[in-house]
Structures are given as structure tokens and as C-alpha cells.
Amino acid sequence: METFCLKVTFWVALVGYVIGDHPESYSTNLSTPVDFTTFHGTELSFLVTTHRPTNLALPSNGSMHSYCPQQTKITSAFKYINTVISCTIFIVGMVGNATLLRIIYQNKCMRNGPNALIASLALGDLIYVVIDLPINVFKLLAGRWPFDHNDFGVFLCKLFPFLQKSSVGITVLNLCALSVDRYRAVASWSRVQGIGIPLITAIEIVSIWILSFILAIPEAIGFVMVPFEYKGEQHKTCMLNATSKFMEFYQDVKDWWLFGFYFCMPLVCTAIFYTLMTCEMLNRRNGSLRIALSEHLKQRREVAKTVFCLVVIFALCWFPLHLSRILKKTVYDEMDKNRCELLSFLRLMDYIGINLATMNSCINPIALYFVSKKFKNCFQSCLCCCCYQSKSLMTSVPMNGTSIQWKNHEQNNHNTERSSHKDSIN
């Protein structure tokens, strides 16, 4: 876990190092004075206008009345370093999430309720990594929106924020469902369930995806290609353009809505159900049946710790970005002559927050690898193609979705049957 934390600290420091000294690239009236595409996301930046734009026109010298007195800019090194970070997240996210899905799919005894929710979370992250990250890399290197002068660019402009918001919604709702599932598992501690995904879990997963897509519809509606003029040339960029009263309302409350639903809700849900789970465990410390099932309860507690770790990582990855948005919404005043220092701080926090938030799409498999030794063995066996010969038998321990362990053929049938029975525990 220490290695994992050090890696996160390294990337944060790296991003902070390449930030330039130009705070005013965050204009509240325009996405950026020259380059609309230097940020690591569409919705996850200050590129969204606070007022409804029509056709934007910049002065030929690229300056505006609201700019800070000092000239500022983003260093060119940022593009390439941020591209390396994006490519790393792309590779790790694609390999990690795909491997996680393969592990759960190929091992029949791993197909249980908690694992199904983890697979749903991994699939949502995989979709974002495969589709959205390449667009980010193109924007960073090309300095413009892809296909910005044809209909396919308009399609990407709507698809990009839609998938981005859907992916976050899938993550948030799956974490809530995992917290509820862990409470149910502890509350019904005497129930031993067989192999398979419960019907209620399947319904939850389908509902999570449908709700996530529905909540992301305003993003697809609001984001359009907005034309603007700069130095006598016509350009287009993808940004939020409120054209109706509902979209104007959505744009006004968007930061608070994202902070409340997509950040606070999973934390509150986890706090509530983990508190109930702790009370349940303390109230049932005694009893002969509980003693007999102590191993199963221990395994369930281990899964609860794993889920809690995923929630904590989610909070750490997304908190800086939400904090910068709330501060920008409540504290920053574009008419304040002393705003430049605050804007520099918000800009730094925003860059760090954007990269951390994007990193969350690849970090869950890594977290499972370090938190669970059994999951670590499973990843190693899958990635390194270490298959045991006829002298080894693969079985899965508790159906809590955390492990795979290996048993020798030399074990007697009695022990094998006991191991198979333990595999059915969720």
C-alpha cells in the first residue's frame, strides 16, 4: 500500500512541476484565450463558460479586460508530460480492467454478487479509457478538437462528455451498491449462498447503467461546437452552451450537483452502511453458530475492507477537482484586482485534480492487487500466464470476490469438497 501511495504522490508532484505561471488561462467568459484544448477533459476543467455564448470573438492581440496584468502561459512541456500520463493511464486501465473482467468471467466460482458489481465498475472504467482518453491525447497534441469542421466532430463533442459522466455515475452507483451488499452480507451472516449472481444484484447492475446514462443526457444535449474568431481566423471548440431554461439552470447548479451526487453521495452511503455493519457485528459477537461460521465471517470482513479501500481511493482521486470547482464557484471574483494569486492556486489544483480524477479509471485493479494477496495471486497467474499442470487444481476461495487460491491434487476429496463449499460464501 505504501508503494501505491508513493506512486500517486509522484504523479501529483510531476503534474504540479510542469504548471506554468499564467493563471489567467482560466477565463470565465472564454474557455482559454488561445488554445481550448490544453486541458485533460471537457467537463473536468474551467473550459465551461459561465454565461451563454453565441459566436465568440477575441481581439486580435488575444487580450481581454479581465486578464491578469502579467502575461501567462502553459509550458509546452505540459502537453507532452500530460500525454505520457494519459498514455500510461490508457495502458494500465485497459490491461487492468480487462484482466479483472477476464478473471471474473473465466472463473465460474468467482461469479457472485460483489464480483459482478466490481466487474460492472471495471467495465465502466474500461469504456472511458478506450474511448475518451484517445480524444484527450489528440486534443493535447493537436491543440484543437478532433474533426472540428465536420459532423463527426459534433458527434464526438456530445459523446465525450456523455461517456465521461456515465462512467463516473457507474463508478459512484456501483460503490454505493457494494456498500449495501456488504451490509447485507454481514446482517445475514448465517446465510450461505451458492455460486451464481443473485437476481437482485443483476437488477441493481442494469438499473445502475440505465440511471447513469439518463443522468448524463444533459451533457450530450448541452455540449456543442461553438465557433469563435481569433486573430482573424475562424475556430471551433467543444463547450457547454445553454440554449434553454433547463440547460441554463443545469449550468448554474452543475458544480453543486456534481459535488453532491457524484462525490458526497457514495461517501455518505458508505459511512451509513458501514456504521450499520459495525453495529451488527458488535451485537452478534457471541453464539455457537457464529463461532462455527467464524471463517466465513472473517472472509466477509476482508471483502468489506476491500470495498472500503475502493471508496477511499475514489474520494482521494476526486476531492481536489471538486474542491477547485467549489472554490471557483464561491470565492473567485473575476472583477477583483487581486484575483490572480487565487486563480493561480485554483489552476494548479485543477490540473492536479483532473489528472487524479482520470487516474481513478485505472486505479481500482491496482488497489485490488495491493490490498488483497489473493487477488494479487489471481492477477499474476492471469497476466503472466502461469498455468499449473495436472498436478495443480485451481479453486476459488470465498465468494466474496477477493481471491483465488491453488490446491494440490494430492489433497483428499473431503478437503476439496470443503473448499468448494467455502467458495459459495458471499
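Placement of Cβ uses the backbone N, Cα and C atoms for every residue, glycine included.
Under the heading signal peptide, Swiss-Prot lists 1-20, citing sequence analysis as support.
Taken from Swiss-Prot, the feature topological domain 'Extracellular' applies to 21-79 (among others), supported by sequence analysis.
Residues annotated as N-linked glycosylation site in Swiss-Prot: Asn29 (among others).
Per Swiss-Prot, the feature N-linked glycosylation site maps to Asn61 (among others); the stated evidence is sequence analysis.
The list of residues near the transmembrane segment (80-101) in space but at least 6 beyond its ends in sequence, with Cβ under 8 angstroms from a Cβ of it, reads 11, 14-15, 18, 40, 118-119, 122-123, 125-126, 129-130, 133-134, 136-137, 140-141, 355, 358-359, 361-362, 364-366, 368, 379, 382-383. The transmembrane segment annotation in Swiss-Prot covers 80-101 (among others) and rests on sequence analysis.
As a summary of secondary structure, the topological domain 'Cytoplasmic' (102-111) carries 8 helix, 0 strand, 2 coil according to DSSP. Taken from Swiss-Prot, the feature topological domain 'Cytoplasmic' applies to 102-111 (among others), supported by sequence analysis.
Long-range contacts of the transmembrane segment (112-131) within the same chain: residues 89-90, 93-94, 97-98, 100-101, 104-105, 159-160, 163-164, 166-167, 170-171, 174-175, 177-178, 181-182, 185, 193, 195-198, 201-202, 204-205, 208-209, 212, 303, 307, 310, 360-362, 364-365, 368, 399-401, 426, each at least 6 residues beyond the stretch ends and with a Cβ under 8 Å from a Cβ of the stretch. As annotated by Swiss-Prot, transmembrane segment applies to 112-131 (among others).
Taken from Swiss-Prot, the feature topological domain 'Extracellular' covers 132-158 (among others). DSSP labels the residues of the topological domain 'Extracellular' (132-158) in these numbers: 19 helix, 0 strand, 8 coil.
Look at Swiss-Prot and you will find Cys157-Cys238 tagged as disulfide bond. Using a 10 Å Cβ-Cβ cutoff, Cys157 (disulfide bond) registers 25 neighbours.
According to Swiss-Prot, the feature transmembrane segment maps to 159-180 (among others), an assignment based on sequence analysis. Note on the transmembrane segment (159-180): residues 41-44, 114, 117-118, 120-121, 123-125, 127-128, 131-132, 135, 201, 204-205, 208-209, 211-213, 215-217, 219-220, 223, 238, 261-263, 265-266, 269-270, 273-274, 307, 310-311, 314, 360-361 of its chain, located 6 or more positions outside it, place their CB under 8 angstroms from a CB of the stretch.
Looking at the topological domain 'Cytoplasmic' (181-204) alone, the prediction's average pLDDT is 77. As annotated by Swiss-Prot, topological domain 'Cytoplasmic' applies to 181-204 (among others).
Marked as transmembrane segment by Swiss-Prot on the basis of sequence analysis: 205-228 (among others).
The topological domain 'Extracellular' annotation in Swiss-Prot covers 229-255 (among others) and rests on sequence analysis.
Sequence annotations record features per position, and here Swiss-Prot assigns N-linked glycosylation site to Asn241 (among others). In the three-state DSSP assignment, the secondary structure recorded for Asn241 (N-linked glycosylation site) is coil. Just so you know, the Cβ of Asn241 (N-linked glycosylation site) picks up 18 other Cβ atoms within 10 Å once every protein chain is counted.
Swiss-Prot lists 256-277 (among others) with the feature transmembrane segment. Panel annotation: around the transmembrane segment (256-277), residues 168-169, 172, 175-176, 179-180, 182-183, 186-187, 215, 250, 304, 307-308, 311, 314-315, 318-319, 322, 325-326, 329 of the same chain, lying at least six beyond its termini, place a Cβ under 8 Å from a Cβ of the stretch.
Residues or ranges marked as topological domain 'Cytoplasmic' by Swiss-Prot: 278-305 (among others).
If one looks beyond the transmembrane segment (205-228) by at least 6 residues along the same chain, the residues whose Cβ comes under 8 Å of a Cβ in the stretch are 30, 42-43, 53, 55-58, 116-117, 120, 124, 145, 148, 153-154, 157-167, 169-170, 173-174, 177, 234-243, 246-247, 250-251, 261.
For Asn241 (N-linked glycosylation site) paired with Cys157 (disulfide bond), the C-alpha to C-alpha distance reads 12 Å. Of all Cβ atoms in the shown protein chains, 27 besides its own fall within 10 Å of the Cβ of Cys238 (disulfide bond). Helix first, then strand, then coil: DSSP counts for the topological domain 'Extracellular' (328-346) stand at 11 helix, 0 strand, 8 coil.
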